[in-house]
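So that you can see what the record holds, here are the features copied from TrEMBL:
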ACT_SITE  H294  active site, charge relay system
ACT_SITE  D343  active site, charge relay system
ACT_SITE  S441  active site, charge relay system
DISULFID  C43-C52  disulfide bond
DISULFID  C103-C120  disulfide bond
DISULFID  C122-C131  disulfide bond
DOMAIN    17-53  domain 'EGF-like'
DOMAIN    94-132  domain 'EGF-like'
DOMAIN    137-219  domain 'Kringle'
DOMAIN    250-489  domain 'Peptidase S1'
Amino acid sequence: VPDTNCSWQPGFSILNPADPCSSNPCKNNGRCENRGSSFSCLCPEPYAGTTCEKVKNMCLEKHCHGGDCLITLTPPYFQCRCNHPYKKPDCQRASSPCRPNPCKNGGICIRHRIRSKFTCKCPEPFSGRFCEIGPDDCYEKASSKYRGSVNQAVNGKTCLHWNSHILLDYPINAFMEDADSYGIGEHNFCRNPDEDEKPWCYVRKSHKVEWDFCDVSPCSGTDSSTDPPGSNEIFKTCGQPEIQRPLKRIYGGAKTTAGKHPWVASLQIKTSKRNTHFCGGVLIKACWVLTAGHCIEQPAENLQVALGKQNLKKREHQEQIFDVEEIIVHYKYREKDGVPHNDIALLKLKPVDGHCAVETKYVKTACLPHFFFPIGTDCFISGWGMTERDEESHQLLDANVKLISQKKCNAPRAYDHILDESMFCAGNLRRPRADSCQGDSGGPLTCVENGSYYVYGLVSWGDGCGLKNKPGVYTQVTTFLSWIKSKIQSESRSLH
């Protein structure tokens, strides 16, 4: 760890590593209790987990026969949502399905032989189970903005409610952070939070949960609007995504939504066909990307950097692509017994039409940290790395990892004193879950302070992927702040 006696720049607070509760790691109004070098969270109902990040399944012993048990944030923290014609409170009794007529907009209710079954015959142009969907309920080309009421998949199945107890372990549900910004809540309407081709939802199929696209039509004569690039290279702020906090494919991670990690860069090798992603990086200034030194095996003319990317297999309206003008690997970078030391490098982007990266919703810079985060802090990794199926993802993914003390990481059963001051590790020693793998090398580990994301580490190396006592190892960015600043300043003052 760097010498803490150095002078700190004004305007940045130094977190107190002796008080793990100083930044209150407990979420959802949990109360932090100091346990010496660690902490515990007292969670209000219905939350649980190390940092009150989970919602308890209050439906485990509840039976909603002809309906679904939904989780709520008010007592008693669950409710039975009855499918028509079943009745509250436990959806066990059914009334006559067609009396009164449940069909809207002049629809005709037709009873089936089974007492609880019925069909609404809808007049043009209405559709839906109850003829409730009108002709204006459609999605624009930018289908992530869809806020209509369609709740049926193309396979005819009714969508599960986003707050169904069945979805608590799924990455996208009513209780994920900023759910309301994606139009997700206590309903079962189709949405598109991860910017797929069109709105979708989760459905139950043969006792399993699957997702499927929805039976919703595109609006006629519409086109998606793109973010117009500006001309100003000065990024107003750092570490401030417009979409606050993420929604699998970093090992143990989850598919993200566009704009959550707007500083993540894809380093690519130019080829005659499709460029090949080989490492991650992080935008820290308009013309500068930080990455791992071990990623640099090609000359600058063979590389491109893609910013604003979500799906590597698609050309996306928000992407910004740059050639690399110069590569600067740290002068002390070396490998010893296969382990990279001082594993950091800078890429200078080649301007296009006189400017480098332009700040948009999807392209922003991460902040450089002038302080240390406490052990146990929840941080975030993101990239296009290895999945549980040992293949790279084309979709940007993210995961949560905790900072681990150097003492624990250097213990004999872990990395046995291999880590030096240029490294730290993060993850979970006992229960390996989220981890970063080969495809994420050079990508950022970011931690949050006062709502801003700081690039605290760069994915460097690890023993395997998601293994017990072998968490991911990261370059300690704070160690190299002076080097980063001096190189950028030197280049900005040079003639080229």
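Going from the start of the chain as shown, residues are counted 1 onward.
Note: Cβ is positioned from N, Cα and C throughout, glycine not excepted.
TrEMBL does not curate its annotations; it predicts them automatically.
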Relative to the domain 'EGF-like' (17-53), which of 94-132, 137-219, 250-489 accounts for the most Cβ pairs at distances under 8 Å? 250-489
Using Cβ atoms and a strict cutoff of less than 8 Å, what residues sit near the domain 'EGF-like' (94-132) while being 6 or more residues removed from its termini? 66, 84-87, 149-152, 158, 215
What does DSSP say about S441 (active site, charge relay system): helix, strand or coil? coil
For C52 (disulfide bond), the closest of the active-site residues by C-alpha position, picking from H294, D343, S441, is S441
Does DSSP give C131 (disulfide bond) helix, strand or coil? coil
Going by DSSP, is C120 (disulfide bond) part of a helix, a strand, or coil? strand
Just to be sure I understand the packing, how many Cβ atoms besides its own are within 10 Å of the Cβ of D343 (active site, charge relay system)? 29
Going by C-alpha positions, which of the active-site residues (H294, D343, S441) is nearest C103 (disulfide bond)? S441
Are there any residues in the same chain, six or more apart in sequence, whose C-beta is under 8 angstroms from the C-beta of C120 (disulfide bond), and if so which? P102, C103, G107, I108, C109, I110, G128, R129, F130, C131
Long-range Cβ environment of H294 (active site, charge relay system), under 8 Å and at least 6 residues apart: Y333, E335, P340, D343, S441, G442, S460, W461
So C131 (disulfide bond), by the Cβ count within 10 Å over all chains shown, scores 20
Cβ neighbours of C52 (disulfide bond) where a neighbour is any other Cβ within 10 Å: 20
Sparsest-packed among the disulfide-bonded residues, when each Cβ's other Cβ atoms within 10 Å are tallied, from C103, C122: C122
Out of C43, S441, the listed recorded positions, fewest other Cβ atoms within 10 Å surround the Cβ of C43
